[in-house]
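Down below is the structure, laid out as structure tokens.
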Ligand SMILES: Nc1ncnc2c1ncn2[C@@H]1O[C@H](COP(=O)(O)OP(=O)(O)OP(=O)(O)O)[C@@H](O)[C@H]1O
């Protein structure tokens, strides 16, 4: 067999292998390994001596994937190539270089950044998932970042830059319509822009469950596993759907473990935190909790306005800022509703030939506007709930004592007032008999503490939920 074939074979194999095994760790094995082709047509990958102790582990984890890759590009490979193996670098073997010198095997360098690929077309199974929107509407660029979603945005971005390594699994939770699916799409798009060969599965937990049920019905478990255990990134939306679905959970548990053990990235979204997912097996909850958990909250007024401006600009219509401010002041619960209101207003105005202004917005959106005045959530209510929860007096919260047992509830009450009401910093400061700067500092302190202390964060969220549901 001609020695040059070794590199040619590798050039064909590598893109397919790298799409299946994206872990930098494994790329390192390759970079430091050698290749040769034996008489029987086996493409032999020989590990550098330093890796010989891992040989069993490497074989167990990767040999099947290598064989599947080989099968996949069988038609592009010389027909003599029959198999692939992983071996320790043997002593005294007849080794070949690409130049045909009998002195060393060829070094296996990744060629992902070279232009040689199997074909100019993206291979079928490496295409962007077909349920992705073709526009970049759901990209990071079109995601408005504010205090409510900053951490979720930053971790999602980090994941898309080094999938499988920075935060794995990443668990994003929050109420409906706050941008969780948007972030999943953005992760997929951004990752594919770095490496179009990444294999990404994006689907909802409900779809996962349906596909699993079909696979049982059709006795097609092999293909089911092949589909979900061979991806580089699994993006699973609305994981709460798995609640009480014992069999699907069990299958997902194995999928999760298989991917995790290969450093494949997993991103999950849910409407609540892992430990609140009643009806989900403990072992799954604990896997989720092992990674990074981030929330998306209701956006603040400024973020809502920024989102509306972005949507307005993308629709290329003229709508005065004051109309957007009006909508943002009156629709706070979720972004989907905010967008819907804007579309409805624009459609109505253009159909009727009216100019868009605040009074038209009030007329057209009347039923959709959220009447906050009857929510009865003002700072006094927040103060009462916080004082009761921390078992301190309202007088203490408003007073001058600086012991930690008083400072914490005081800061939490200010934070919640800022997040759950539309009151400005000066108004909140007035009610707490403090300065604007103190309120600002308290809000920052609570944010920081929540990042450091999960228990504290849970407490704040518990209070927030309780107040929102009043
Ligand atoms: N920060 C943001 N910037 C721009 N658009 C946003 C932002 N957050 C959400 N959106 C938009 O709001 C809409 C709803 O978002 P999305 O579908 O991602 O919500 P979700 O949290 O996944 O909701 P659900 O739990 O109901 O699936 C989408 O059109 C999305 O693009």
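Placement of Cβ uses the backbone N, Cα and C atoms for every residue, glycine included.
Annotation source TrEMBL lists region 'Domain I, interacts with DnaA modulators' at 1-105.
Marked as region 'Domain III, AAA+ region' by TrEMBL: 133-349.
The feature domain 'AAA+ ATPase' is assigned by TrEMBL to 166-300. Mean pLDDT of the predicted structure over the domain 'AAA+ ATPase' (166-300): 92.
In sequence order, 152, 172, 173, 174, 237, 269, 296 are the residues near residue 180 (ATP binding site), counting only same-chain partners six or more apart with C-beta under 8 A. Annotation note: residue 180 (ATP binding site) sits in a helical segment as assigned by DSSP. What TrEMBL records for 177, 179, 180, 181 is ATP binding site.
Annotated region 'Domain IV, binds dsDNA' per TrEMBL: 350-470, in sequence order.
Residues or ranges marked as domain 'Chromosomal replication initiator DnaA C-terminal' in TrEMBL: 378-446.
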- Counting other C-beta atoms within 10 angstroms, the emptiest spot among the binding-site residues 177, 179 is 177
- Note on the structure: Note on ATP: the CB centroid of 177, 179, 180, 181 has further same-chain residues inside 8 Å, namely 174, 176, 178, 182, 183, 269, 296, 335, 336
- Item | Neighbourhood of residue 181 (ATP binding site) by C-beta distance under 8 A, where only residues 6 or more apart in the same chain count | 138, 237, 269
- Could you put numbers on the helix, strand and coil content of the domain 'Chromosomal replication initiator DnaA C-terminal' (378-446), residue by residue per DSSP? 52 helix, 0 strand, 17 coil
